[in-house]
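Q: Before I ask anything, let me first share the structure, which is written out below as structure tokens.
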Amino acid sequence: MDGAHSAGLQLQPLPPTSSSMSLSSSDGSFSYKENLIGALLAIFGHLVVSIALNLQKYCHIRLAGTKDPRAYFKTKTWWLGLLLLLLGELGVFASYAFAPLCLIVPLGAVSVIASAIIGIIFIKEKWKPKDFVRRYVLSFVGCGLAIVGTYLLVTFAPNSHEKMTGENIARHLVSWPFLLYMLVAIVLFCLLLYFYKEKNANSIVVILLLVALLGSMTVVTVKAVSGMLVLSIQGNLQLDYPIFYVMFVCMVASAIYQATFLSQASQIYDSSLIASVGYILSTTAAITAGAIFYLDFLGEEALHICMFALGCLIAFLGVFLITRNRKKAIPFEPYISMDAMPDEGAG
């Protein structure tokens, strides 16, 4: 009787302990903290990159009349801009290791907001208050919308975090959803390249779609490389996995070709148009690739996904309004075409 009674006690399920409950809650808070760290690193990086590019642009404009074409090398302002540029790119690169792709990529809107504000500050022409408000009302509204969209992105971004180990990355690389996406992307890229090269279809949408498809591969590989490097620094060595070097080579190659198409687009179209259209297309392609490769939205509630999508749309509209108001007649126009794109982390 006593033995049966004791056996019955042993078969009774144990209630969840406070330590296990606190562990699960701490995991959730840790995911949120990682998202926050990644978002702050990305925002900081984009701000610093925007300031750096505007400093260098200001230096080039100030020395435009000099006989020495490399006079800017002798100025402290240009070198300060270069150091800030490297620091900002490093911050954006590191942010991919902490937060999902779908959160980091849309934060490129921060650079557009910063460039718009810096451009207004550096304007040398004097305007009457009424003319100033009328001229820049779209920029003000666009900045407000972009800020609201960025807030929604950070608030409702997925909290899924997977360690960027060699095994995980290799498993995602050969998954059928990503292989299907790669097949569709390659076919679309080849068709666009054919029309662009053979049929002379140099529409900005065609060129920036080529950039966006390359950029989606860039950010996927950047996250893998950044995540594996961070894990290696933390003591979990990942550099002995061949997949790391495969991702690194793909990252460098896609970034180079992406910069090539961007350079060709800048020779035909205005930088503000490239900034707005490029940001929208590249962000959409990068979020799609990240959702398929890293399964960012797996297990997320429908409401969170809808609010995240709304944040993206609001940020898109804000960037469009900001860049639409850019005029070539302005003496100082911040260079925003490159840092508005989601491939900055490629460094």
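Cβ from N, Cα, C; glycine included.
Source: prediction; values computed, not measured.
Residues annotated as region 'Disordered' in TrEMBL: 1-22. Annotated transmembrane segment per TrEMBL: 36-56, 77-98, 104-123, 135-154, 174-196, 203-222, 242-261, 273-295, 301-322, in sequence order.
For the listed features, I'd like the structural context: burial, neighbours, distances.
A: Cβ atoms under 8 Å from those of the transmembrane segment (36-56) belong to residues 72, 77-78, 80-85, 87-100, 103-104, 107-108, 110-111, 114-115, 118-119, 122, 154, 157, 334-336, 338-339, 344 of the same chain, restricted to positions at least 6 beyond its ends.
Within the chain, the transmembrane segment (135-154) has long-range Cβ neighbours (under 8 A, six or more residues past its boundaries) at 35-36, 39, 103, 106-107, 109-110, 112-113, 116-117, 120, 127, 307-308, 310-325.
Residues 202, 206-207, 209-210, 213-214, 216-217, 288-289, 292-293 of the same chain lie 6 or more positions beyond the ends of the transmembrane segment (174-196) yet place their CB under 8 Å from a CB of it.
Note on the transmembrane segment (242-261): residues 166, 169-170, 173, 207-208, 210-211, 214-215, 217-218, 221-222, 224-225, 228, 341, 343, 346 of its chain, located 6 or more positions outside it, place their CB under 8 angstroms from a CB of the stretch.
Nonlocal intrachain contacts for the transmembrane segment (273-295), taken as residues 6+ away from its ends with a CB within less than 8 angstroms of a stretch CB, comprise 100-102, 105-106, 108-109, 112, 160, 162, 172-173, 175, 177-178, 181, 185, 204-205, 208-209, 211-213, 215-217, 219-220, 223, 262, 265-266, 312, 316, 319-320, 322-324, 336-337, 340-343.
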Q: Using a Cβ-Cβ cut-off of under 8 Å, list the residues of the same chain that are 6+ residues beyond the ends of the transmembrane segment (77-98) and lie near it.
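A: Counting only partners 6 or more residues beyond its ends, the transmembrane segment (77-98) has Cβ contacts under 8 Å with 34-35, 37-39, 41-42, 44-56, 58-60, 104, 164, 219, 222-223, 226-227, 229-230, 344-347.
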Q: Do any residues, 6 or more residues outside the transmembrane segment (203-222), come within under 8 Å Cβ-to-Cβ of it, and if so which ones?
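A: Those are 93, 96, 101, 104-105, 185, 188-189, 192-193, 195-196, 247-248, 250-251, 254-255, 257-258, 261-262, 264-265, 268-269, 273-274, 277-278, 281-282, 284-286, 288-290, 293-294, 341-343, 345-346, in sequence order.
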Q: If we skip the immediate neighbours and take only residues 6+ beyond the ends of the transmembrane segment (301-322), which ones have a Cβ under 8 Å from one of its Cβ atoms?
A: 102, 106, 109, 112-113, 116, 138-139, 141-153, 155-158, 275-276, 279-280, 283-284, 287, 340
